[in-house]
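Right, one structure below, let's go through it.
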């Protein structure tokens, strides 16, 4: 039986640039760095970076696939400012109802998508139950 997510691994083109992003933007703690890999601890989540220099990376922009991090509403604006100050690629977000809470989407240097989100699963389900009568809930 699956217990939890063990780790998340990202393919990166430039290890130094990626390390800078994960340390400075996501505030992950660098645990080990090799010639072609780096491991981080992000509040108990193991993030691995592995260098793959010659793979296509442009197609990733067409996918909604992303990893969302929970942040508080009080922290949201300061985290957004960190993204702006560090010239992180901020993506246009989708239209949101206030009940959907606050989000900002952005990418790392290799195009992997992330989101800072202030809502919870329960917030989202409650909103959908109130507004999306066509959905089936279990």
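Glycine too: its Cβ is placed from the backbone N, Cα and C atoms.
Swiss-Prot annotations:
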- 115: active site, proton donor/acceptor (ACT_SITE)
- 7, 66, 115: Mg(2+) binding site (BINDING)
- 4-119: domain 'VOC' (DOMAIN)
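A simple way to gauge crowding: the CB of residue 66 (Mg(2+) binding site) has 15 other CB atoms within 10 angstroms, across all the protein chains here. Across the domain 'VOC' (4-119), the model assigns an average pLDDT of 91. The Cβ neighbour count for residue 7 (Mg(2+) binding site), using a 10 Å radius and every protein chain shown, is 10. There are 16 other CB atoms within 10 A of the CB of the residue listed as 'active site, proton donor/acceptor', with all protein chains counted. A separation of roughly 7 Å, to the nearest angstrom, links the Cα atoms of residue 66 (Mg(2+) binding site) and residue 115 (active site, proton donor/acceptor). Sorting each residue of the domain 'VOC' (4-119) by its DSSP state yields 31 helix, 40 strand, 45 coil.
Calculated from their C-alpha atoms, the gap between the residue listed as 'active site, proton donor/acceptor' and residue 7 (Mg(2+) binding site) amounts to 18 Å.
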